[in-house]
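Summarising the annotation, TrEMBL assigns compositional bias 'Polar residues' to A:42-61. What TrEMBL lists as domain 'RRM' is A:64-142, A:150-230, A:293-371. Feature annotation from TrEMBL assigns region 'Disordered' to A:41-61.
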DNA sequence: TATTATT
């Protein structure tokens, strides 16, 4: 097999293009193909090695459990499991999603049966390029309250400050897990802001105390150091997105903050006035293997991503699966997709709200999926 | 002045 054939991964139904950069390709022994680029980014290497040397935890470090970061937004749990199963038997795999919108948070966990497979996965898959992302594979630290909310947002940095400089400034206050300086993609200039994630929250707290308002050597202005916003509770962004998607016609934002009880009230109201109230299951809609109710979405644009469906339907309740149907050759959306929702009442409201919804100049048709190709 | 690292 040539090196170029190795560039093309097929993981289940998910073809993944792997781009080895600079011809720097490693091929693992005892394995059909692995293209892996070792990270040159310091941030992505930090903390990816031995889990030893930690402080403040009595829990023993797992030698089989891995955390996978910087996953492409569209990658599903099944695809992750497929990819990591190419190394060895995977005991469990979990993609972390936003509780409200169902969107991938870009990281997950893979627990192997054998420690040597976990080690091999780090050596082989860390630094792998998937779509526009370079994934990071490292040992998961034992979960605890002490390691949560240890991510700092730093602003007011001198434009000349490098990532190494940043770490040099913060490393005295604890073990740095990751750090990053944000750059303008056009000019390539530092935006003067960045992030530093510590192992322990107390370390982050100490760094704030010591470094907020500090003037770096050679600089004139003080830096600001504070806790970074937590993405999983940042629904303001989702709200903005919903407002953007519904310019004038329907404003979905408030739905994000409604309780299940309010949704139930909406449902009662809806069923009272809807013809569907008489036939609540719709035509031929059967709970999909017990995982939920399948919804057919028609008139999607060719460039539609799965994430759009998550964003559209997530505000109405628990979305368990979405799928944009694509042309095998072009990979463009064929104009429709499916969304599975866990609860019937939420699916009903979502359909009622989104059928006729205008998305990118197209009027969507949304209904429960029917079994027949034609209905009357 | 904001990316997505703890189930």
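Glycine is treated like the rest: Cβ placed from N, Cα and C.
Along the domain 'RRM' (A:64-142), the predicted structure has mean pLDDT 94. Per DSSP, the secondary structure of the domain 'RRM' (A:293-371) breaks down as 22 helix, 31 strand, 26 coil.
Note: the domain 'RRM' (A:64-142) comprises 20 helix, 30 strand, 29 coil (DSSP; helix = H, G, I, strand = E, B).
Helix, strand and coil content of the domain 'RRM' (A:150-230), in residues and according to DSSP, is 22 helix, 26 strand, 33 coil.
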